[in-house]
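Noted in TrEMBL for the protein shown:
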type: ACT_SITE; residues: His266; note: active site
type: ACT_SITE; residues: Asp317; note: active site
Amino acid sequence: MAEGKKLAGAGLRGQVAGKTALSTVGKSGSGLTYRGYDVKDLAEHCQFEEVAYLILKGELPTQAQLDEYTAKLKTLRGLPQALKEVLERIPKDAHPMDVMRTGCSMLGNLEQEDTSVLGVFPNQEDCVDRMLACFPSIICYWYRFSHDGVRVEENTDDDSIGAHFLHMLRDEAPSELHERVMNVSLILYAEHEFNASTFTARVCASTLSDIHSCVTGAIGSLRGPLHGGANEAAMDMIEKFKDADDAEQGMMGMLERKEKIMGFGHAIYSESDPRNAIIKSWSEKLAADVGDTVLYPVSVRCEEVMWREKKLFCNADFFHASAYHFMGIPTKLFTPIFVMSRLTGWAGHVFEQRADNRIIRPSAEYTGPELRKVTPIAQR
Ligand SMILES: CC(=O)SCCNC(=O)CCNC(=O)[C@H](O)C(C)(C)COP(=O)(O)OP(=O)(O)OC[C@H]1O[C@@H](n2cnc3c(N)ncnc32)[C@H](O)[C@@H]1OP(=O)(O)O
Ligand SMILES: O=C([O-])CC(=O)C(=O)O
């Protein structure tokens, strides 16, 4: 747990709500590890599929295991016709996170998890592999159909999930740089201990519900601007600034008005979010790649102002906004990418919860009226 940050008060802050072997967040104030590996190390040396394997199965794969795993995932990208029909009926102006929520839920109707024996989940890993492979197809199928009138081909030949996503979105295989950044981004977002969406998944799992219900609920929690939705909100803010000085002025105004600034601050980290430096450096490379002279300097100035004025640092979401934008990803698809990645963390936690389960049911401090008698309705 963090040193230096007061972890107490509302929001269950500082309460230990269960055990996990999946990750540590802010153990030394700012670190992040997945099953004992530093996220920086993983982002530098691994593909996202390796990290997914690590989270879901406990250890990093050998080359042969990775090849088998990626080959399996590639066969699971296609969507059932009934799911495509549902996606085609969702309007263009729907919130893409609502599309993900519906897509996941519909998949759970068509390909139900086997929950026939109480507390035994024989195909949970297969269900997760299926979701991992086809979530990019769900969001791209809906997006391309509703926005471009195109029924996108979900079975691309790209090896990685990130490239597969970009390929469906843009009708062409991505550059090496873009594939690499997607890979890093998916690794950075994969797992984060008892954050709000993961805790949602664990609460649902603790009732012995099915995995699609756990993930559908988690998607709903991730949608909010205080959680995953912050990357889109950060983009909406930075794209309004015309240069770094304008950003400084705008930020100062927002701070004076005591507005919440999305992409800054964290519930657990006290001095920095270790994912920020990594995605920031890729955002800088992408800015150079596209010849940007506005958005990246604007983002850097926002970071400087927030630290100088409030000692608030960028969380994982802030520089993801410019990075995704430089890759031509529409802002409304930012949070669904987070889903494609965090699914691994949610699933890892559901497996853990199921393996050592007690229904999660905390207590509340009652603040309502004392015991009173019902007045018959005619006398009220
Ligand atoms: C991947 C992720 O999900 S990372 C989080 C993404 N979310 C965001 O970026 C949304 C913006 N940030 C926030 O709302 C918050 O920092 C949260 C939700 C992330 C954490 O909330 P908390 O744990 O309650 O924050 P914390 O206890 O550090 O807040 C301390 C003070 O700083 C303020 N503060 C925290 N973050 C911000 C911010 N982004 N902008 C302005 N003020 C802020 C709080 O309002 C609080 O002030 P107060 O004591 O006067 O009420
Ligand atoms: O841990 C949190 O509260 C939020 C977060 O950064 C994440 O889920 O990645």
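From the backbone N, Cα and C atoms, a Cβ is placed for every residue, glycine too.
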Please give me the CB contact count at 10 A for Asp317 (active site), counting all chains in the structure.
28
Students should find that the Cα atoms of His266 (active site) and Asp317 (active site) sit apart, in Å rounded to an integer, by 11
Within 10 Å of the Cβ of His266 (active site), how many other Cβ atoms are there?
21
